[in-house]
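Novice: Sharing the feature lines straight out of TrEMBL:
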{"type": "TRANSMEM", "residues": "A:12-30", "note": "transmembrane segment"}
{"type": "TRANSMEM", "residues": "A:42-63", "note": "transmembrane segment"}
{"type": "TRANSMEM", "residues": "A:83-101", "note": "transmembrane segment"}
{"type": "TRANSMEM", "residues": "A:121-139", "note": "transmembrane segment"}
{"type": "TRANSMEM", "residues": "A:146-164", "note": "transmembrane segment"}
{"type": "TRANSMEM", "residues": "A:184-207", "note": "transmembrane segment"}
{"type": "TRANSMEM", "residues": "A:219-240", "note": "transmembrane segment"}
{"type": "TRANSMEM", "residues": "A:270-293", "note": "transmembrane segment"}
{"type": "TRANSMEM", "residues": "A:305-322", "note": "transmembrane segment"}
{"type": "TRANSMEM", "residues": "A:334-358", "note": "transmembrane segment"}
Amino acid sequence: MKKYALNDITLLQYIMINFGMAVSFGFIELPAMMATEAGTDGWIPILIGGFVTMFASLVVIRLMQRFPEGTFFDMLAHYLGKWAGKTAALAFALYFLLYAYDGLIYTIRLIKGRLLPETPAFLIALMLMLPTYTIARNGLRIVGRYAEFAVMISLWIPFVYLYTLENLHPLYLLPVFKEGWKPILSAVPGTFFYYLGFVSSVILYPFLKHKKHASAGLVIANGITVLSYLFITLVCYMFLSPDEAKLIHQPSIYVLKSIELSFIEQVEGLFIAFYAFIFSLSWIPPLYFTVFCTSWMMGKQEHRPHLRVIVILFAVSTYFYLPTYDELENISQLLGVSGIAVEYLFPGIMLVFLWIYVRLRKGRNWT
Amino acid sequence: MRITSWFGRKKYAHTSKPKPYVASPIAASEPISDQLEHNLLHLGQLFTDTPDLNIRHIPLRDTGELAALVYIEGLTDKNAINNNVINPLLHRADGSSLSSITVGRITKLRDWAPITSAILKGSSILFIDGQPDAFMLGTEGWPQRAIEDPQMETSLKGAHQGFVESIEQNIALIRRYLPHRELKIRNHQVGRRGDSRVGVMYLADVAHPEVLREMEERIDRIDIDVIINTGELVELIEDNPFSPFPQFMLTERPDTAASQVAQGRIVVLVDRSPSVIVGPSTFTSFFQSVDDYSTRWSIATFIRLLRFFAFFVAISLPAFYIAITSYHFELIPVKLLLTIGEYRGSVPFSPFIEAVFMEITLEMMREAGVRLPAPVGQTVGIVGGIVIGQAIVQAGLISNIMVIVVAFTAIASFILPNYDLVAGVRLIRFLMMIAASLFGLFGIVVSLMVLTGHLIALESLGTPFGSPFAPLRLSEWKDTFVRAPLWKMTKRPHSTRAVQSTRQGDNQPEGDGK
């Protein structure tokens, strides 16, 4: 019965996959976005959004506990038949594909914009596909180890921001609730996009070694995400004046401009390059999930052929078409909307639906 | 023509069955006769053109029967044969002739196959007229090197005995450290012609049986002509032969081998080879040296950190130089930039060409130093020091900074304790340089990503190579970046998959800290 035991992941890997998927480019984008929507109170919606996400992720775990030995698709196939499972797998494959594409294009755009303006985008994409394929082809366990490792070697990031400490002005944050609750609450849905990724539990759950800690794991992952978002927004808002914060593009990187070490003059170049480790978590795990879904759909064990196709498609597609920043915005919006549907609403609906369905079927059996 | 034959190779291998290695048309697996003449005749047919085969006819003193002693000169111990075999057979008459032979090992053999192989491996065979059995006498003795200080892994405080070319002695050297009943050795034969004895050594109550089985299966699967050295065996049993990193540690130190066995790992000894295989290995085990455990732990920790730092320097420093001087000069402070610019200004090459040129020169010098005999080897140093260091800068071919970078890289790669690891590092350095020249810092980071992706996916005997970093086990960092006090390492490393995980009791010395 334990179909997925061979590829099990530890709790820490589970946490890091979820954390990495969520945090990746939110760390760069969120401060500016919240500043335009809620001013210097922008950190409050992050907190609220985080709590909502925690609740939503617990719903996912609740859903998965109904069928602990299989993925969500196995569960659907078990309750509603093979085709229900396949449809769901296809839907999730598309969703994760979109997720990965968004993350990848964002990274390419950022690196092209800030580090390698002269290099053609498809070469950057090609380079990024090398580690992607190396890691994703070896299966979930390696993806988990990579997530763990990538987060571990990126632990220097918060410490770099400590250098900005002398330039921080806590007074910028005051007064709290400058304009009342309204802008804060209206900014909350916008944060959801940056918390997406926890629905991966529908696939990860059966692989988890200690399933009883799954909820705790997701809460921790979400907690670290909230903390890092809070950290970066607070640093940005205290560094930049309230008006600046709305104007400056990608303030997380801008803030680093103030740092000058004796051997490195501009930390941000190094930061962007090495932040690629965290960026990579926004597309490597989703890509793996995509091929997991498609190979599940086809009923195949081997996911590598699919991975090869997708990796090559990604690289080739950037040669012909690379979304501009505005188009990327549209893709992100699409991802945001489908993300809210897939991650926040769908698991709840499924939970209720399955609960009723099982009740009804049991009832039928009795008569 | 050549390309087509290259393509056809695989097909060819499938269609034609490998020919059995038959040494001579005379069947070797039949019993010997009870008549001496027949046996000697047959022996002559088996060993044609073997001038070093010696047959000594001996009339037995007690029964008057004829006997013949057959052995290969050079593979046998002359003293043992003369004094312990021939002399008593000729002169002593008390009891039967066999009991007068004074060698340690006497085995009865009946078939030609074991007899011929015993002769070829240095035993002598006694045929007696009228008896259907031959006797194998353990008289092996061949030219041997004395036990010396290990060449590759020198140590300051460790033992000064290194492995030699005989498996018996190597086993004895390890056994001296672990005189315990549970230290077991399983023999395997590898190589159809070479017929090397391969010993798999492990602690029966500690090593994981699955890992052991995996190792033995891999060794048994080998179908090869001959194995000359341990390195060949490693390449045949590795998990990923395409990786630039060694997945088994090779050591020529008995103390290292013994300590690894005690941790629950498996040691494979190959006859005629002075290094042994240790598996399953982890990436961090290539950063450990036997001296770490006998210096003070704080100092050992410092040295460990230095080694990991050196690893990254050795891999990426030239790449960083290329990336920064050709892409990201805004990263470095103005003063440093000016200094670099001053020297770089007169150099006609791009940083990449400069770096590749210097690195290749360095690699050539290193290779030259390894192969040349010691007195000539010193000239390499002089040539390198003067030509590469001074003249090349004065001629304006290479910038001063590049020379410093190369020297620093070389020193960094010298302090890594394992040769195989350094070899991998050297290769990766060039790949990183190419990536850096094409993509700057981004290229370096992507290569680091590929490298980590590769390292965490790598396995050694089915256990993760990246342990304890990926999969992360914080409690086992005691013997990685840091070298915790010995009394803190109460558990065996998880990566050895040891069955008995407790290694020691509470040994922390009494004192203020406790």
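Using N, Cα and C of the backbone, Cβ positions are placed for all residues, glycine too.
Automatic prediction, not curation, is the source of TrEMBL annotations.
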Novice: Can you name the far-off residues of the same chain, 6+ from the ends of the transmembrane segment (A:146-164), with a Cβ under 8 Å from a Cβ of it?
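Specialist: Distant Cβ neighbours of the transmembrane segment (A:146-164) are 12-13, 16-17, 19-20, 135, 228, 231-232, 235, 239, 255-256, 258-259, 261, 267, 271, 274-275, 277-278, 280-281, 284-285.
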Novice: At least three Cβ pairs under 8 Å linking the transmembrane segment (A:270-293) and the transmembrane segment (A:334-358), pairs spaced 6 or more in sequence?
Specialist: no
Novice: At a threshold of under 8 Å on Cβ distances, which of A:12-30, A:42-63, A:83-101, A:121-139, A:334-358 pairs most often with the transmembrane segment (A:305-322)?
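Specialist: When the Cβ pairs under 8 Å are tallied, A:121-139 comes out ahead.
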Novice: Against which stretches of its own chain does the transmembrane segment (A:121-139) lie, if we need a Cβ under 8 Å and a gap of at least six residues from its ends?
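Specialist: Distal contacts: 7, 104, 107-108, 111-112, 146, 276, 280, 283-284, 287-288, 291, 303-304, 307-308, 311-312, 314-316, 318-319, 322.
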Novice: Residue list, the transmembrane segment (A:219-240) vs rest of chain: Cβ under 8 Å, 6 or more residues beyond ends.
Specialist: 14-16, 18-19, 22-23, 26-27, 30-32, 34-35, 40, 42-43, 46-47, 50, 53-54, 57-58, 158, 161, 164, 167-170, 172-173, 191, 194-195, 198, 248, 251-252, 254-255, 258
Novice: Please identify the stretch among A:12-30, A:42-63, A:334-358 with the greatest number of Cβ pairs below 8 Å relative to the transmembrane segment (A:83-101).
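Specialist: Against the transmembrane segment (A:83-101), the leading stretch is A:334-358.
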Novice: Residues of the same chain, at least six outside the transmembrane segment (A:42-63), with any C-beta under 8 angstroms of its C-beta?
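Specialist: Residues packing against the transmembrane segment (A:42-63) from afar: 30-31, 34-35, 72, 176, 184-185, 187-192, 194-195, 198-199, 201-202, 205, 214-215, 218-219, 222-223, 225-226, 229-230, 233-234, 237, 245, 343-344, 347-348, 350-351, 354.
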Novice: So what's near the transmembrane segment (A:12-30) in sequence-distant terms, Cβ-Cβ under 8 Å and 6+ beyond its ends?
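Specialist: Apart from its flanks, the transmembrane segment (A:12-30) reaches 46, 99, 103, 106-107, 110, 141, 143-145, 147-148, 150-151, 191, 193-198, 200-201, 204, 208, 214, 217-218, 220-222, 224-225, 228-229, 232-233, 250, 252-253, 275, 278-279, 281-282, 285-286.
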